[in-house]
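Novice: A single structure is presented below for examination.
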Amino acid sequence: MATQNSSLLFGSVLLVLFFLCSLEETFGTAQYHNVQLSSLLPSSTCSPSTKGPNKKTSLKVVHKHGPCSQTKQEEPNAPTHIDILLQDQSRVNSIHSRLSSTGGGGDVKKLDSTTLPAKSGSSIGSGNYIVVVGLGTPRNDLSLVFDTGSDLTWTQCEPCARSCYKQKEPILDPSKSTTYSNITCTNSLCSQLSSATGNTPKCAATTSTCIYGIQYGDSSFSIGYFAKETLTLPPNGVVPNYLFGCGQDNQGLFGGAAGLLGLGRNAISFVQQTALKYNKIFSYCLPATASSTGYLSFGGGASNSVKYTSFSDISQGSSFYGIEIVGITVGGNKLSIPSSVFSSSGSIIDSGTVITRLPSGAYGPLRTAFRQAMSKYPAVSGLSILDTCYDLSGYKSFEIPKISFLFGGGVSVDLASSGIVYVVSAKQVCLGFAANQDAGDVTIFGNVQQKTLEIVYDVGGGRVGFGSAGCH
């Protein structure tokens, strides 16, 4: 009898242990990403994503500094991580300046002047993801940085009256296109440049052609003729009379790209110019690492997993897409952040900002929770704006707490593991968030946090959607 009771007791203990282990698996490790370190380290070769949208008008997205970008060969000295983060801070400073500015734009200098456009704080640093589009008849394929925080599309043009930097493809020569024409100063379209670029357009003395000028937060700039041309999206999407800048004086940190594709909210952005064709809808997925690919698509057809939240109003800077962030969870636990922390300054989503910027009242609790969850890993010194880093070189795999963003309308978005950390090297893996410098600065949901998410901008419907695992 004693033996039977002992067997029953032993069996009960095993059941309890099994139950406790199941609880730990469900409520413990389920709140962590188990990450293979190699999956976050970019390769020296390109590994295109096998996932993508089922749409006719879809462009491949590559990181301008990665092996999938053909423009990389035009960079004799690729930027370091410190360079990238400093450029990112310049962009963020310009966004904050633009959203807090109540003054007017700057002034565009003449093409024959040695002076740059006046820097008004109304323009922002160029982004770091590239697509290929066609311009002209016959068509010229050009690698352009796409940017949801910019409106004017522009590319370098012959004869490069002042200066052109080195780019991958041949520079566009408008004299060889049968569909190119300049916009005159008297055309009402010329006046739209002020709000789109932050600079007042000028007029060419001899030809009465409208002259644009735009300067970015990293001091890159483009000056040239405002024109219209046929734009082509592979494989066969054609946009006639597309308004763009034909740059005659261009300098900056564009990584070999030919120019920029503006996806902001202004009337001359690609989104607004193609409203009838694509219904003001576009979506993209940014790859997990610089050695993979994503996509940029136009028109409807989002996956069923996409959850939508309404755009919020941003009082200044109509180019940006406002969102309502209401909370953050780390490891399944909602952080104690007063609602006023986010609502007081507002939030935007931006494809060109690298690191998400949070109010100090949100970043502090996030950092504390992340450090507690990562306490078993050796901490190392930070890098630039990143202050929470770890040496994971001794681990093939590691665990990081899951982080979710809570948006208006009850929408919760789980970040991918590649959207939580910024990997400098195996010896320096950092929390990929930073605190804003001033209390009134707008929150920016940056592109590290957007990695592998399917993000749908339904501009006409006033909403943005998030889906998981849109690309690898």
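A Cβ is built for glycine as well, from the same backbone N, Cα and C atoms used for every other residue.
This is the feature table in TrEMBL:
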- 1-23: signal peptide (SIGNAL)
- 129-467: domain 'Peptidase A1' (DOMAIN)
- ASP147: active site (ACT_SITE)
- ASP350: active site (ACT_SITE)
Novice: Please report how many Å separate the Cα atom of ASP147 (active site) from that of ASP350 (active site), as a whole number.
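Specialist: So the alpha carbons of ASP147 (active site) and ASP350 (active site) sit roughly 8 Å from each other.
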Novice: State the mean pLDDT for the domain 'Peptidase A1' (129-467).
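Specialist: Across the residues of the domain 'Peptidase A1' (129-467) the model's pLDDT averages 94 on the 0 to 100 scale.
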Novice: CB neighbours of ASP350 (active site) within 10 A?
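Specialist: I get 28 for this one.
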Novice: Around ASP147 (active site), how many other CB atoms lie within 10 A of its CB?
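Specialist: I get 28 for this one.
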